[in-house]
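According to Swiss-Prot, the protein carries these features:
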| type | residues | note |
| --- | --- | --- |
| BINDING | 125, 126, 127, 128, 175, 195, 196, 197, 225 | NAD(+) binding site |
| REGION | 375-394 | region 'Disordered' |
| TOPO_DOM | 1-400 | topological domain 'Cytoplasmic' |
| TOPO_DOM | 443-451 | topological domain 'Cytoplasmic' |
| TOPO_DOM | 473-478 | topological domain 'Periplasmic' |
| TOPO_DOM | 500-512 | topological domain 'Cytoplasmic' |
| TRANSMEM | 401-421 | transmembrane segment |
| TRANSMEM | 422-442 | transmembrane segment |
| TRANSMEM | 452-472 | transmembrane segment |
| TRANSMEM | 479-499 | transmembrane segment |
């Protein structure tokens, strides 16, 4: 089958649905690829790069006659008219916001797979295009804020004076919010975050931000991987928190969105008016109405008190090269599910929950949204397990303890009387090493067990040296040789395993 990649026609859209790297992966699945002339130009992908990857370059008319169309945005009426019956379209569709588009797609009798309908389950993460684009949006939001902000993000002490670090508030700790937290923290800002889902607190803190909480308990998870609409009391408390923080912070990044509905209004004009001059608000929900009252989609609004409100709706397109690569990889991973035989043909198997979830039109028939349980469920209240009755243990007779100690003492005295002086010296050191080693190892933090394993390589090396010396003894005692061989084998396992674990540990601290 032939896969066509057209040029995106929307204004300010710089992405493309395939890159030279993803073309190579598609060809390995048995498909042919044709890319429209200059489709990847805005994303820094020349036609020559696609040709070298194995694709063909064609006209718009040739592209839309392909068996499968890979696209970023939903098609226009003219593009739909050019598609042939029975073809497959893979792109963002947004069926709930575009009922008229769905009617036109079903009338064409084609198959439509919506990348915005990927189920939020673990197995579908590799093709979750929404998360890929949200990650880029969160990162780019910080870059845009830094561009408009008139100072450093990180604090500095210079000969000219002290520069305080910027304070950043991120509202919403989803994929975009976490990306914004990471980017702002890496630039040296003091980052705070709020989310209605208490289960994301650890994620926020692990990214280096402070998690803000309100004195009101309400479960924020909706069971579909998104935050649910909260009660009026919760929203009132949250608005009080936003108003308090607005007076302190320099930058606010809002990411709150409700699928298929207008974005919730979180930042009022009064809050913006209370912010310091030069502050910046980045509204990632501008496309669906915005979280801020001052937001205007696609524009930067400067208020009377010199606060800039950024309402761009094309954050992923502002990083077109990376966005195209991630989106193209998502499409390749979807194609692997559609073409498990790698024979260049697709099979929309509804037994696969992922394919069932993304399919919105099949053979001209609109498919209702699938009810798929998400992998990340909100925490359920656990019932306390019944406490088992404790059986009273009888106290140990102290005479038994003293008897054991006396027996050990007698055994040691006997060994001291019959054993050579060298053995007694080594035995004493061995006993002391066991006692000291026990208390040292068991008092080490769990986080340091991996580095501790690396240190044991040296100890195992000493064991191997001792065992090798025993094997070389002229007596030729078979029992001693066997024990020495076992010691070498066990110590070698510890050494090789220790080096392997150490290598993996050190790799965690390398970039790239």
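Backbone N, Cα and C atoms are what each Cβ position is placed from, and that goes for glycine too.
Residue 125 (NAD(+) binding site) falls within a helical segment according to DSSP. The number of other Cβ atoms within 10 Å of the Cβ belonging to residue 196 (NAD(+) binding site), over all protein chains shown, comes to 22. The highest number of surrounding Cβ atoms within 10 Å, among the binding-site residues 127, 175, is found at 127.
Contacts of residue 125 (NAD(+) binding site) defined by a Cβ separation under 8 A and a same-chain sequence distance of 6+ are given as 131, in order along the sequence.
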